[in-house]
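Beneath this line is the structure, given in structure tokens, with notes to follow.
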Amino acid sequence: MTIHTDDFAPSPPPARERVVSAAPASSQEEALERALRPKLLQEYVGQAKAREQLEIFIGAAKKRGEALDHVLLFGPPGLGKTTLSHIIATELGVNLRQTSGPVLEKPKDLAALLTNLERNDVLFIDEIHRLSPVVEEILYPALEDYQIDIMIGEGPAARSIKLDLQPFTLVGATTRAGMLTNPLRDRFGIVARLEFYTPDELARIVMRSAGLLGAPIDAEGGMEIARRSRGTPRIANRLLRRVRDYAEVKGSGHITLDIANRALTMLDVDPQGFDVMDRKLLEAVVHRFDGGPVGLDNIAASIGEESGTIEDVIEPYLIQQGYLQRTPRGRVATLAAYRHLGVAPPRAAGGLFESA
């Protein structure tokens, strides 16, 4: 059973929708994601190292009848951190309670969650790097000793009492592990970094999702969707749904390589998985800032996007694919970026392109 504590939290302001954004576009999309989500580790595709470690640690915890060590999952958005938290709870045969860092505004919010956990339950906190310091302080003794201190009363009559908690597992997820405080990071016994997926792994996910959606698809069509999905399952599933719509209206309903190509071209997703925002970023660095180095704030102002979105959502894939470099002096366009834009690289670039 999963209990969401943030179902009635205020909605964040709507973001500019990008079909290749790794963030969920809407609550409807989140519901569709849940329907496609694997339930067990053996159904989970990719992340072989993390999957193997979790399989061993979960098996050992079940044999001993103990709570699993606290788990930290980090990496770019859309790679399956929430999915893994659900799988961990399912594999352990316990309840999952789900919340997020921004929702836990006061110590009493966290205390209410912790005191309602049953033995060996899983508490999933998304965006755990956004916990407030006062809430984080309450969490430390809960993680180490399964105890919390709460204040009873007000003013001079106020007193602190210690409450014992049931053993539990905290699963924390973050896209920005560097923003976690050292005391919090050190309390996680299991730390797993989720990496971008390979096209072959994404193709397996696309074919599985197409089967669940009842969408006929060729292997070639599935691979084309996978290649343009930026290494991210959430994007792969979103593109699959868009291509399915195109196939039903413009074709016979069967997703072939040709249908996938035409649909993705209509969506302005190029063969590298780049969209307008990616190209705007590369063009800004190359044309407006002479290839860099250029600071993140200057890029954000140039393309009209928040610096946090660039750093968390747009940049990681460009860096991972070798189109952008992050240096101490700022962002620098690589030779691949110049080639992608069809622009001749500068000759005097500190030797960066001389060997190419």
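Every residue, even glycine, has its Cβ placed from backbone N, Cα and C.
Noted in Swiss-Prot for the protein shown:
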- Leu36, Arg37, Gly78, Lys81, Thr82, Thr83, Glu144, Asp145, Tyr146, Arg187, Tyr197, Arg234: ATP binding site (BINDING)
- Thr82: Mg(2+) binding site (BINDING)
- Arg326, Arg331: DNA binding site (BINDING)
- 1-28: region 'Disordered' (REGION)
- 5-197: region 'Large ATPase domain (RuvB-L)' (REGION)
- 198-268: region 'Small ATPAse domain (RuvB-S)' (REGION)
- 271-356: region 'Head domain (RuvB-H)' (REGION)
Per DSSP, three-state class assigned to Gly78 (ATP binding site): coil
Max CA-CA distance, Å, over listed ATP-binding residues Leu36, Arg37, Gly78, Lys81, Thr82, Thr83, Glu144, Asp145, Tyr146, Arg187, Tyr197, Arg234: 37
Cβ contacts of Tyr197 (ATP binding site) (under 8 Å, same chain, 6 or more positions away): Val45, Gly46, Gln47, Leu79, Ile205, Ser229, Gly231, Thr232, Pro233
Listed binding-site residues (Arg326, Arg331), ranked by Cβ neighbours within 10 Å, top entry: Arg331
Structural state census, the region 'Head domain (RuvB-H)' (271-356) (DSSP three-state): 42 helix, 9 strand, 35 coil
Candidates Leu36, Gly78, Tyr146 (binding-site residues) - the one closest to Arg326 (DNA binding site) by CA: Gly78
For the region 'Large ATPase domain (RuvB-L)' (5-197), the mean pLDDT of the predicted model: 86
Rounded inter-Cα distance in Å - Thr82 (ATP binding site), Arg331 (DNA binding site): 30
Distance from Arg331 (DNA binding site) back to Leu36 (ATP binding site), taken between C-alpha atoms, in Å: 37
Residue pair Glu144 (ATP binding site), Arg331 (DNA binding site) - Cα distance, angstrom, rounded: 40
Mapped DSSP class for Leu36 (ATP binding site), helix or strand or coil: helix
Nearest-integer angstrom distance between the alpha carbons (Cα) of Arg331 (DNA binding site) and Tyr146 (ATP binding site): 44
